[in-house]
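Participant: From Swiss-Prot, here are the annotated features:
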ACT_SITE  255  active site, proton acceptor
BINDING   130, 205, 236, 237, 324  S-adenosyl-L-methionine binding site
COMPBIAS  1-14  compositional bias 'Polar residues'
COMPBIAS  23-39  compositional bias 'Polar residues'
COMPBIAS  46-88  compositional bias 'Polar residues'
DOMAIN    99-336  domain 'PABS'
REGION    1-88  region 'Disordered'
């Protein structure tokens, strides 16, 4: 594995055995604004609903009420201090904090929120780009949040990852060179390695803290960064694509944040033009494209931009993810002019035999050829707006 770093930060050891993170300290590090184009796998623009994490009751009588010390934790001046020395900043508004729960709020889904019960806080810190937190949940295993938004759950995020990889790669024959923008935790790479035809994978992740969290808490994923076919680049994904060799990649996967704030450029015409230039004739791109229940106005704008750039085909697909807002997420799938790409009928499906025999990975949990085809069947209200 080749690692190319554009970061120049120092190194600091965290309290309580937390991983070294380039000058960050749990809950107290300076958070520098001015994110570069959202290349890490996260959704921006959310308020942090950081919940109080209770690290074990004493003799069945511990209870935290009205900010009073109960022997196990103390809440003062916007922080929660625990026996083990961890200190959580309460980054959300006071009414978003529920004992033992994490809650996700955003202006993108006003009037609703999603909450998970916290069993154990594993890591919290601030990088140069975002707040990073990992906790063990009661229902979905490890949960990664960036800027207060759930990015991936260990036991519930596989539909998103399998679909963002296999919808595009299952639609072209023998993909060899692939670029992932974002994906620093490693789930997307894990799925991509199912394809024996792949010879080269470039991963561009802006936030080295995300990669460090993967190495510490997801070693089975981080191990794939050492695959000889993989090059991990720590830097700006949009700049990387712009500088890429013309016609180099068979596929580009944009595992990015929401199209607001620092990630806004990743959904606009100049970025798509750079992507199209970096793809071979008949090459494909797949990017996260929001929820039809909340963001039809955003989806319509993304489609309009893609139709101006990609002269092959432009398609919208969707799937279900239990821990994302409204329980669904969408994808834009586009191809460049050249050999025809029919996204709705996979020609390179990853079935159980391929998975078990060739890639030596566990069988897929969500994706199959029927799910692939069904992903492009839209409800009437969405279809009429998208096809107009």
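Note that Cβ sites are derived from N, Cα and C of the backbone, with glycine treated the same way.
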Participant: I'd like to know which of these recorded positions, 205, 236, 255, is least surrounded, judged by other CB atoms within 10 A.
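Facilitator: Looking at the recorded positions 205, 236, 255, the Cβ with the fewest others within 10 Å is that of 236.
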Participant: Roughly how many angstrom lie between the C-alpha atoms of residue 255 (active site, proton acceptor) and residue 236 (S-adenosyl-L-methionine binding site)?
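Facilitator: Per the Cα atoms, residue 255 (active site, proton acceptor) and residue 236 (S-adenosyl-L-methionine binding site) stand 13 Å apart.
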Participant: Please work out the number of neighbouring Cβ atoms within 10 Å of the Cβ of residue 237 (S-adenosyl-L-methionine binding site), leaving out its own Cβ.
Facilitator: 29
Participant: Starting from the Cβ of residue 324 (S-adenosyl-L-methionine binding site), draw a 10 Å sphere and report how many other Cβ atoms land inside it.
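Facilitator: The answer is 24 other Cβ atoms.
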Participant: Does DSSP give residue 205 (S-adenosyl-L-methionine binding site) helix, strand or coil?
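Facilitator: In the DSSP reduction, residue 205 (S-adenosyl-L-methionine binding site) maps to strand.
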Participant: Residue 130 (S-adenosyl-L-methionine binding site) has how many other Cβ neighbours within 10 Å of its own Cβ?
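Facilitator: Excluding its own Cβ, residue 130 (S-adenosyl-L-methionine binding site) sees 26 Cβ atoms within 10 Å.
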Participant: What mean pLDDT score does the domain 'PABS' (99-336) have in the model?
Facilitator: 93
